[in-house]
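Okay, handing you the structure first.
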Amino acid sequence: MSGSSLPSALALSLLLVSGSLLPGPGAAQNAGFVKSPMSETKLTGDAFELYCDVVGSPTPEIQWWYAEVNRAESFRQLWDGARKRRVTVNTAYGSNGVSVLRITRLTLEDSGTYECRASNDPKRNDLRQNPSITWIRAQATISVLQKPRIVTSEEVIIRDSPVLPVTLQCNLTSSSHTLTYSYWTKNGVELSATRKNASNMEYRINKPRAEDSGEYHCVYHFVSAPKANATIEVKAAPDITGHKRSENKNEGQDATMYCKSVGYPHPDWIWRKKENGMPMDIVNTSGRFFIINKENYTELNIVNLQITEDPGEYECNATNAIGSASVVTVLRVRSHLAPLWPFLGILAEIIILVVIIVVYEKRKRPDEVPDDDEPAGPMKTNSTNNHKDKNLRQRNTN
């Protein structure tokens, strides 16, 4: 073997060896965790979710197990629908395996160790095999504490009249943990200037309107314990605060109309079109109407506008348990030639002006024009000339 061919042969042999060590697309790969469940502390009545993400080839199977506090060796498998349907297990398999364990309406008995197990061993479910060898495990500890008792005022309904001040109240009556501070939130956002260290809380709305409605929470934070909160609902009929009064489009274009409102609970939205003065629910037989509803917002999209069908008045209606409201948007659809109308108008004016000029010039000319070949004055005849010649001859004779 020559010296020049030795490095090439060595490189090829190294490539073959390294290729045999790397797992190919169909090669087996042991299960491994990408994401493991995390330990949490919760209050009674709350809920928790644990996530488990595993890889391997073939895709590993995932199971959830549970052991009570101080009984770490007494694991029992958890199934979807267990504990009076408070347990939900959602698992999906693809290139990897992903599973979510969710338990709602927690009780003190839900405390314990939760374990995610994964395996792609062909003998993983053989009872004669040792599970600690065929399955990999990831654990999380869930601690459930007794929720503090919070007494709240009743829900409030805002009326148009009379407009009276509203006072929301919360009172923390019992807790096994030391309070650090408390505050109010509306729809999940902390209200300014409400944070204090007090178990008895009040929030006053002097002139309540529909925009003041929503979910109010009094939130309490403790030392070495999860925060606790209570909810007070402030309800009001919908008040539509924004919409398009009119929409002008050309035939074949798309039109978008929208409405947004304040008020709580979030309304049910309905779009109607007025036919002969009567609002009629929109029937999407043509497949050109698309409606998007999201809490206090709705949107109507019409594609490929038709000048004979789509123009008119469109009404959006918002209705909740307290009341309803509606507004109208006028849709105008112009012809394809609409952009040419200014040009056509100017062209028509020019044509009319030319016609007027031509008619005027024709009327200005005389009815008959004399020919250039005709003499301008009367001509002497030959008879007159002959008569003169005769007189001349007669004088010469005498």
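Quick reminder: no glycine exception, Cβ is built from N, Cα and C everywhere.
OK, Swiss-Prot features for this one:
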SIGNAL    1-28  signal peptide
TOPO_DOM  29-339  topological domain 'Extracellular'
DOMAIN    29-134  domain 'Ig-like 1'
DISULFID  Cys52-Cys116  disulfide bond
DOMAIN    148-235  domain 'Ig-like 2'
REGION    149-161  region 'Narpin'
DISULFID  Cys170-Cys218  disulfide bond
CARBOHYD  Asn171  N-linked glycosylation site
CARBOHYD  Asn197  N-linked glycosylation site
CARBOHYD  Asn229  N-linked glycosylation site
DISULFID  Cys259-Cys316  disulfide bond
CARBOHYD  Asn284  N-linked glycosylation site
CARBOHYD  Asn296  N-linked glycosylation site
CARBOHYD  Asn317  N-linked glycosylation site
TRANSMEM  340-360  transmembrane segment
TOPO_DOM  361-398  topological domain 'Cytoplasmic'
REGION    365-398  region 'Disordered'
Within 10 Å of the Cβ of Cys218 (disulfide bond), how many other Cβ atoms can be counted across all chains shown?
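Taking all protein chains shown, Cys218 (disulfide bond) has 27 Cβ neighbours within 10 Å.
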For the domain 'Ig-like 1' (29-134), what's the mean pLDDT in this predicted model?
93
Mind tallying the region 'Narpin' (149-161) by DSSP state, helix then strand then coil?
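So the region 'Narpin' (149-161) is made up of 0 helix, 7 strand, 6 coil.
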Count up the helix, strand and coil residues in the domain 'Ig-like 2' (148-235) according to DSSP, in that order.
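Summed over the domain 'Ig-like 2' (148-235), the classes give 3 helix, 53 strand, 32 coil.
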Tell me the Cα distance separating Asn317 (N-linked glycosylation site) from Asn171 (N-linked glycosylation site), rounded to the nearest angstrom.
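Between the Cα atoms of Asn171 (N-linked glycosylation site) and Asn317 (N-linked glycosylation site), the distance comes to 39 Å.
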Let me know the DSSP-derived helix, strand or coil state of Asn317 (N-linked glycosylation site), please.
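Assignment for Asn317 (N-linked glycosylation site) reads strand.
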Among the recorded positions Cys116, Asn197, Cys218, Cys259, Cys316, whose Cα is within 10 A of the Cα of Asn229 (N-linked glycosylation site)?
Cys218
As a test of the contact definition, list every same-chain residue at least 6 positions from Cys116 (disulfide bond) whose Cβ is closer than 8 Å to its Cβ.
Phe33, Ser36, Pro37, Leu50, Cys52, Ile62, Gln63, Trp64, Ser99, Leu101, Arg137, Ala138, Gln139, Ala140
Asn197 (N-linked glycosylation site): which of the recorded positions Cys259, Asn284, Asn296 is the nearest Cα neighbour?
Asn296
With every protein chain in view, how many other Cβ atoms are within 10 Å of the Cβ of Asn296 (N-linked glycosylation site)?
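Result for Asn296 (N-linked glycosylation site): 20 neighbouring Cβ atoms inside 10 Å.
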Below 8 Å Cβ to Cβ and six or more residues apart, same chain only. Which residues does that give for Cys316 (disulfide bond)?
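Spatial neighbours, sequence-distant, of Cys316 (disulfide bond): Ile240, His243, Met257, Tyr258, Cys259, Trp269, Ile270, Trp271, Thr298, Leu300, Ser326, Val327, Thr329.
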How many of the residues that make up the domain 'Ig-like 1' (29-134) does DSSP mark as helix, as strand and as coil?
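Going by DSSP assignments, the domain 'Ig-like 1' (29-134) contains 11 helix, 54 strand, 41 coil.
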How long is the line from the C-alpha of Asn284 (N-linked glycosylation site) to the C-alpha of Cys218 (disulfide bond), rounded to the nearest angstrom?
45
Around the C-beta of Asn197 (N-linked glycosylation site), how many further C-beta atoms are within 10 angstroms, looking at every protein chain?
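Taking every protein chain into account, the count is 9.
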